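> Feature table excerpt (Swiss-Prot):
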SIGNAL    1-18  signal peptide
CARBOHYD  ASN75  N-linked glycosylation site
CARBOHYD  ASN94  N-linked glycosylation site
CARBOHYD  ASN151  N-linked glycosylation site
CARBOHYD  ASN254  N-linked glycosylation site
REGION    271-297  region 'Disordered'
CARBOHYD  ASN380  N-linked glycosylation site
CARBOHYD  ASN450  N-linked glycosylation site
ACT_SITE  SER560  active site, charge relay system
CARBOHYD  ASN607  N-linked glycosylation site
ACT_SITE  ASP643  active site, charge relay system
ACT_SITE  HIS675  active site, charge relay system
Amino acid sequence: MGAFRWLSIAAAASTALALTPEQLITAPRRSEAIPDPSGKVAVFSTSQYSFETHKRTSWWSLLDLKTGQTKVLTNDSSVSEIVWLSDDSILYVNSTNADIPGGVELWVTQASSFAKGYKAASLPASFSGLKAAKTKSGDIRFVAYGQSYPNGTAYNEELATAPLSSARIYDSIYVRHWDYWLSTTFNAVFSGTLKKGHGKNGYSLDGELKNLVSPVKNAESPYPPFGGASDYDLSPDGKWVAFKSKAPELPKANFTTSYIYLVPHDASETARPINGPDSPGTPKGIKGDSSSPVFSPNGDKLAYFQMRDETYESDRRVLYVYSLGSKKTIPSVAGDWDRSPDSVKWTPDGKTLIVGSEDLGRTRLFSLPANAKDDYKPKNFTDGGSVSAYYFLPDSSLLVTGSALWTNWNVYTAKPEKGVIKKIASANEIDPELKGLGPSDISEFYFQGNFTDIHAWVIYPENFDKSKKYPLIFFIHGGPQGNWADGWSTRWNPKAWADQGYVVVAPNPTGSTGFGQALTDAIQNNWGGAPYDDLVKCWEYVHENLDYVDTDHGVAAGASYGGFMINWIQGSPLGRKFKALVSHDGTFVADAKVSTEELWFMQREFNGTFWDARDNYRRWDPSAPERILQFATPMLVIHSDKDYRLPVAEGLSLFNVLQERGVPSRFLNFPDENHWVVNPENSLVWHQQALGWINKYSGVEKSNPNAVSLEDTVVPVVNYN
């Protein structure tokens with residue numbers, strides 16, 4: 001690797017520059033850092049969008065874990081995934097296929113001479129989520145996931161026959177989910193083997209891929225829309241595969257129940273659930289969502305999480321460890337811990353587990369014995385920021401990748417007994433777009449809420465001076481079981497909003513996660529109750545205690561449940577405290593909740609079905625006539641056509657009411673976006689309109705000549721008045 005030039009990615013701290021929407025969107029986005037077996041270097045990918053070329057470029061780099069320097073490994077954007085086979089040997093996915101349109105290829109190469117690799121396999125469809133294990137014979141067993149036909153063959157969209165009719169016919173729900181309409185194809189995990197050749201001959205595909213999921217009727221893995229490689233695992237010896245699937249026997253729109261399945265890599269047996277209703281080891285009364293199966297280093301145990309409730313997606317996750325072949329009840333590990341971890345790894349000796357969990361507005365790492373009793377309290381060994389990935393190094397330390405409110409990429413090493421050991425790289429010291437951002441840009445406070453102390457973040461603007469006053473931005477998060485965390489977001493980034501000339505306050509009210517399950521659960525059938533009280537008390541705390549915040553010219557914004565709360569605030573006394581409101585994809589008409597796709601969510605939140613508990617659905621109705629009569633604050637409504645969680649009719653209904661009531665309002669719509677706005681060009685318009693709207697009514701547009709304006713958007717405005 002010495003033939004490459006290593007580049008330093010450290011830079012001297014400098015005066016912070018305002019983070020503009022353009023900089024937020026075009027700043028390089030890096031993946032997790034994956035170390036090689038020697039622990040000397042780590043590989044990571046980078047992608048970057050340009051508003052000059054209107055294209056995204058991507059490349060792979062190596063990070064020297066000793067010096068923090070990087071070098072480009074390859075500029076080939078078709079390299080989509082990389083897996084280390086040895087200190088220098090790499091297996092990667094080429095997202096194109098020279099022989100099969102719509103297929104992909106597996107290549108083997110060396111990190112020291114990447115361009116000299118060779119094709120080991122041509123796969124007949126699009127696959128991702130590659131995991132691989134070397135066997136004692138030297139063969140490589142691998143798994144990846146793609147789309148499947150009902151008969152188990154891989155689905156290739158480019159080669160599929162286009163139907164003559166666009167009709168869709170359904171006899172059961174789901175009909176649609178998140179942003180897609182369900183069809184007869186589904187996700188499935190496929191297995192394959194790369195056979196090691198003799199002498200100088202390289203690896204080649206041995207036989208055909210095997211579908212490990214399709215033999216189980218109605219199973220699917222990974223489960224869309226957010227499922228991925230964490231939904232399955234390959235044992236270190238390559239013999240077994242574990243995968244998660246929703247319960248095949250239950251209506252998928254009504255239950256969150258899912259099981260962990262175990263199947264031989266060679267598909268010689270049909271996958272069986274280890275925690276299904278008829279499995280001998282299933283813990284009594286545990287019927288909720290299962291997740292994150294991970295094999296132990298010697299492959300004889302499997303760690304995973306499961307929730308208790310079969311209709312509650314935000315129930316507390318509990319860690320379980322299954323012994324392969326055992327018929328005993330699967331034991332929980334630290335089962336009483338009042339946190340909900342969502343990632344797990346075994347230490348190399350198989351005695352300890354490392355888990356990642358939301359905790360007090362962060363995502364931290366904790367360690368615990370693999371056989372810990374239920375009353376054990378896991379120990380945290382990371383602090384600020386939010387961990388997104390972690391890998392063991394040869395010295396038993398962990399290479400951690402994360403982010404914070406002030407950086408979109410942070411790499412460091414840590415150990416359970418020592419905490420953070422060494423900082424290796426951080427984007428705010430690398431990228432000109434994030435130049436000078438740092439921990440001093442944020443603070444936090446607690447205040448007395450409806451029934452307990454509530455946490456809130458404070459994000460300061462560029463060149464903040466506490467002797468001055470800055471208008472308030474009041475951020476309300478979605479979920480509702482979610483939180484504002486010390487982590488980077490390219491969609492709702494409080495620093496980008498603050499740098500228009502505001503102080504952003506982002507509270508974690510009733511319903512928030514990471515502060516104990518009681519706070520999370522307390523929002524059930526209470527959407528406009530305790531959370532609203534918390535927000536009122538937060539506003540009052542800011543008004544009375546933060547002298548540098550101008551609450552007389554404040555604004556509020558929120559998405560999803562946060563959009564609902566903005567709609568609720570519009571008809572409440574708190575709405576008169578703000579100069580402008582921004583509601584993104586929020587529910588407005590109580591009776592429209594039945595049009596969502598994940599019916600378990602609304603039925604659990606409001607304690608019953610739409611017909612049995614109608615009063616509960618209507619209790620917190622922003623569209624109630626008496627509330628509409630209070631609407632007065634200028635409001636931007638954002639809603640997109642492919643949002644099937646909260647259909648676009650919700651936003652249109654709200655806009656219609658605002659217009660007819662004479663409230664200054666604007667409707668922003670994206671026909672090709674879902675619950676989120678992710679296309680870079682659309683994201684720029686989203687930021688220009690949202691920031692331009694609040695700047696207009698807060699007065700920032702006049703006080704800050706560099707502030708974003710509604711006129712910055714090149715899209716024409718339709719106005720027949």
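Using the three backbone atoms N, Cα and C, a Cβ is placed for every residue, glycine included.
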> With a Cβ cut-off under 8 Å, give me the same-chain residues at least six positions beyond the ends of the region 'Disordered' (271-297) that come close to it.
212-213, 215-216, 219, 230-236, 240, 242-244, 247, 249, 256-263, 303-310, 312-313, 315, 317-318, 320, 322, 326-330, 332, 342-346, 348-350, 370
> Give me the CA-CA distance between ASP643 (active site, charge relay system) and ASN151 (N-linked glycosylation site), in Å, as a whole number.
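If we compare the Cα positions of ASP643 (active site, charge relay system) and ASN151 (N-linked glycosylation site), the gap is 31 Å.
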> Select one residue from ASN75, ASN450: among these glycosylation sites, choose the one with the most other Cβ atoms within 10 Å of its Cβ.
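Within the set of glycosylation sites, the most crowded position is ASN450.
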> A 10 Å Cβ contact count, applied to the glycosylation sites ASN94, ASN151, ASN254, ASN380, ASN607: which residue has the minimum?
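The glycosylation sites ASN94, ASN151, ASN254, ASN380, ASN607 were compared, and ASN151 has the fewest Cβ atoms within 10 Å.
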> What residues, ordered by sequence, lie under 8 A Cβ-to-Cβ from HIS675 (active site, charge relay system) and sit at least six positions away in the same chain?
TRP178, ASP179, SER560, ASP585, SER640, ASP643, ARG645, LEU646
> Quick one: Cα separation, ASN151 (N-linked glycosylation site) versus ASN94 (N-linked glycosylation site), in Å?
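Checking the Cα atoms of ASN151 (N-linked glycosylation site) and ASN94 (N-linked glycosylation site) gives a distance of 26 Å.
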> Starting from the Cβ of ASP643 (active site, charge relay system), draw a 10 Å sphere and report how many other Cβ atoms land inside it.
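Looking across every protein chain shown, the total is 22.
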> Between ASN607 (N-linked glycosylation site) and ASN94 (N-linked glycosylation site), what C-alpha distance do you get in Å?
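Computed Cα spacing between ASN607 (N-linked glycosylation site) and ASN94 (N-linked glycosylation site) is 48 Å.
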> Can you tell me how far the Cα of ASN254 (N-linked glycosylation site) sits from the Cα of ASN94 (N-linked glycosylation site), in Å?
38
> Using a 10 Å radius around its CB, how many other CB atoms surround SER560 (active site, charge relay system)?
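I count 22 other Cβ atoms within 10 Å of it.
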> Please name which of the glycosylation sites listed here, ASN94, ASN380, ASN450, is nearest in space to ASN75 (N-linked glycosylation site), Cα against Cα.
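Closest candidate to ASN75 (N-linked glycosylation site), judged by Cα separation, is ASN94.
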> Tell me the Cα distance separating ASN450 (N-linked glycosylation site) from ASN94 (N-linked glycosylation site), rounded to the nearest angstrom.
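Roughly 54 Å, rounded to the nearest whole number.
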